[in-house]
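Q: One structure, pasted below without further comment.
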């Protein structure tokens, strides 16, 4: 504790005031609170102090200055020298601040008060402070001058007594309770000086208001440190508040009532019972303190209510920091905080924040009553509310466990500026924001999935079955029985109770014996089943299905060939089919990872599929060929008169504009007009023939065409003919384009407003029709498929450039999956296929299947047919390394299996080159091939349609794409290439034919030497031994939605295959590396064409029913327009 005499203060009045770091320790007007002011510059504060002194000049009496520092504060003031505004620079060397465990008792004069500190529970280590420090750290330098005088010249009356030992460092007590310092300026100025750099940026405030805000916050910061020693809640009575207070309390108080200093922070020390004033005087001073407290806190509460009204709509993303709430809590005004944890850190919703919110409410309720007596007029604080910011965004993690002064000094100016401008509104909003922060982690738990919710319901049902015994009821009955046996009841009463009890027990026994014991359980199971049945898979089919297909104008099985088709981009939206023709054809076969075609569209046709007939051609297709991509889907369009006539009226104006496809930006270029094509199509295209690029894609298109053809008839039943309401036009505009009219004005066959308004109804109700068909299927599959893997990202991704099954995302494998989980499947398959690998019967069956495939491979006409001479199916079957969880989407059930094969499958193929056929007519040889196949002159495609014979392989020359003609080239006439499906030989074979038909070659073959050599070569067999040593990849198994009888399988990406090809020429083995590598590469390409997605192979299952199955009672056969059973 330091005290300064008046002479020393008088001596220092005339000293200059340089700008230097300084500390002011100042007493308030009410003599209840001190404030410590630390300033690094000391310039801006002086002007403000002079302004503030003008407000304090009224009603000030002679007051003594008792200057001191809080005992519990860690005073780490690091200024290197400076002057007090009212005192000279200290010159005595500072040895550091000594720590005293005993109360610091210093000599005092008549106008000086003693301050006794209670013994410290723990020593607070203080860092040494240089002597060059401003007052408070030096013995000779004055600490502060009193602001209670009217001017600097009047400071003689508020004298400062010197220290008891001027030559020594000040002795600071390390007590846990804070000292009652007798200056109103110091601590008030501390925060103010730290915030002055930020304040000039904001709108200026009245001096009184600014002093009030700063003083309140700084006093709060000081008061919170007092509770360090109060580890338990302790609230001393008013009679005990006379401890450690000053005699100056007895001086007359100001009558102006404009004290804007901080409220009282009375010091209490339970361990010290000594008093330095009389009780009556203390009681009078307590009343004065209460009055001033009510005056001080009334205006902040009014400001708080105003801020809440203005800032109610503001957004604060972060919760309060703990220290901000504690410092802003009005409980600090009375000095009764019950918490000793003070820290400034970011709130993460921990338990620390819950306590301070409750403390704030408790202490605030205690101080609401004195505010009712306040009569201060509240000044407008609109400018204050406009400068508020979010405190949580910049609150640092500085720990202020003991509210050390060093921590306050090290804080940024901006942080304290925000603190004192937001302390009042944060007080009431902090608790609410904290609760919101704590509730955030609980929200995901509420949003549970359907499967989890149902499981919780089942758990609740099972819990009800195992309820606790009705203890109260049983106790009541036991008491009744006990009373019946003990109490002396009359005989008639006893007989009545006995009869009632026996009747009740008889009824219970009757119910027990004659009621089935499982009735209740059955009821529970039905309830659980009903809950489970309502859980269906969220299968969402895309509203728009688009992809590439092949179209032919007229289909005749006898003359059809793949080269007669042309590519079209198909877009199916509701019941509208849009066909866009590119300027050049793309590949007729979809392949893995194919590039996006760069095409422009030259024409477009739009059809309405309502009431159309969808079926497959040719008639009587064999079951195994239903989804063969070589056979088209036939769409016999319904009545298109109104539809096409409306399109024709708009065709001339929109012929050259492309379809609205986002994927193809180049479609706006090079669109030559073809005005006569639309007219011909309206008369010539009542039937469309479309080929799928893969078998799986063909089945998908067929199913969607069926749904589209029945869409309008389904809509007419519930909705009538109300599809052309004008109110539906905006909805359609959102689906198609910003302007519904522009979206269709670009098309070449459709542009009428009536048709645009009729389509939205189809779009809105298309989901209901699909849901009607898939309802039971979805519920059934919902019980079979794990619910946690039905997310949309697992679904196959539709590719507009290739097909709906062009590219699919592989589900990620859970890391916990291990091979042991599939061990039972591998063991079962291995045991079942034991006989398959070892018995000759099954080897012959497989050989026959392979031979049928080989017989359909198109070879040059001078080579004989491929034959299988050797087959070794190895010693193992494919093994499932990992099975991914199944999932269901709009294309059906998907199961992904990680497969591996190491069985050394081996087969040997043989053929011969018949060079004697060179130079002869290929057509004659083709006819001979027809005789060998016992097909006569019937085209191969027509003969195979209704037979179980294998069709040509995927790599046959029939499917090879010859050089595509441009848009202006004429398509070849049907049948121009002969009976063999219009097959055209390759360039190499045509070149060979030219050579063999030349006169020179014919003359050379007539010589005996060459004839002999040709016969030797023709009789030499060509052998090719192929061994599959290893195959590993992810196999996707797909079962489409019902009705279907197919299981489709294919690899997600090209598998790793290790092939060994060993060609032989007679008895010689060809060892040329280039030859063997070329053969192996061709075999891998052949495998990729058949088994790599989007190409998938299929297996039909007899127990499943397809749409063309006469046994089927599926919804696709109920509609009369779809006469697939009659056609097939």
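Even glycines carry a Cβ here, placed using N, Cα and C.
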Q: Among 361, 585, 593, 789, which is the one flagged in Swiss-Prot as N-linked glycosylation site?
A: 593
Q: Looking at Swiss-Prot, which of 259, 314, 365, 816 is flagged as phosphoserine?
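A: So the answer, going by Swiss-Prot, is 816.
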Q: Based on the annotations in Swiss-Prot, which residue of 161, 269, 737 is described as phosphoserine?
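A: Swiss-Prot annotates phosphoserine at 269; the rest carry no such entry.
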Q: Going by what Swiss-Prot says, which of 178, 383, 649, 752 is noted as phosphoserine?
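A: Matching 178, 383, 649, 752 against Swiss-Prot annotations yields 752.
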Q: Taking the Cβ of residue 593 (N-linked glycosylation site) as the centre, count every other Cβ atom within 10 Å, in any protein chain shown.
A: 11
